[in-house]
Amino acid sequence: MSQKQLWYEKLHSSFGQYFSIKEVLYRDKTDHQDLIIFDTEEFGRVMALNHVVQTTERDEFIYHEMMTHVPLLAHGDAKKVLIIGGGDGGILREVCRHAGVKEIIMVEIDQDVVNLCQEYFPHHHAGAYDDPRFQLKIDDGAHFVEQTNHRFDLIISDSTDPIGPGEHLFKSSFYQACRRILNAGGLFVAQNGVCFLQQTEVINTYQRLMPYFSDVSFYQAAIPTYYGGIMTFAWASENANLRRIGLNDLESRFADSGLKSCRYYNPFVHFASFALPQYLIEALAKKAPK
């Protein structure tokens, strides 16, 4: 009996997770990062960049639904959406489900990620790249937000961790530029790692967003392959009421949206996602401006 091939993630140096590989589908170095796509028994196809899991077929819906429907339904009338990163197509797929959105721009630094995910993860994008509202720009997201004259109602930063190509998407200058290109009433959200294991990252984001937005907070979801507890998503706007919408209003917006086949998101999950664990509340309070 042949020994199974194992792949070990290298996000943390002293602990981690591994996957038993059925088949390596692709492995190479792009212009920006090491990329591997492999098939597994438990999680289907998996993509990792620089030895860190980015997405899996089995649980991607949790991440993509929460990164998309929470801010879109909280905003209530977003017409123009900017996606930073998101080359696997999952965020795009979910944004395209909102008929009220009229323009979607996605800025991805790595063309190879887009091409390979279209080939190996067809259910992630589900044809969304052909949506007439969509434009793809191959560029560094930090450079794009510094230079663009476009304005947006929602910015979704679907970045990697703050290492390698994704490092610039966690800097104060990036958040300042995002604030500049948001319309009045606009909203910014970003993935921010697993707060129990990456609390420094969460606190850094909080401190760097505070100078540019009057309301900065986080919401959360549990995503199995982002192990170690709940994953946090940064939330920044000029209107604190956007994260305080009542359950009745959320149910009404959800019903009107036509989102009938969500697998994770619902208005109750949305409402509850802003409830943060006490250790995180206390850590953020220590860093809040006096």
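Any Cβ shown, glycine's included, is placed from N, Cα and C.
Note that the coordinates shown come from a computational prediction; the quantities given were computed from them, not determined experimentally.
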Suppose a student reads Swiss-Prot and sees His64, Asp158, Ser159, Thr160, Asp161 listed for spermidine. Which of Asp77, Asp88, Asp139 should they find annotated at that same site?
Asp88
Pairwise Cα distance for Thr160 (spermidine binding site)/Gln33 (S-methyl-5'-thioadenosine binding site) [Å, integer]:
11
Consider each pair of residues in His64, Asp88, Asp158, Ser159, Thr160, Asp161, all listed by the record as binding spermidine, and report the largest Cα separation in Å as a whole number.
16
State the Cα to Cα distance, in Å, between Asp158 (spermidine binding site) and Glu108 (S-methyl-5'-thioadenosine binding site), rounded to an integer.
10
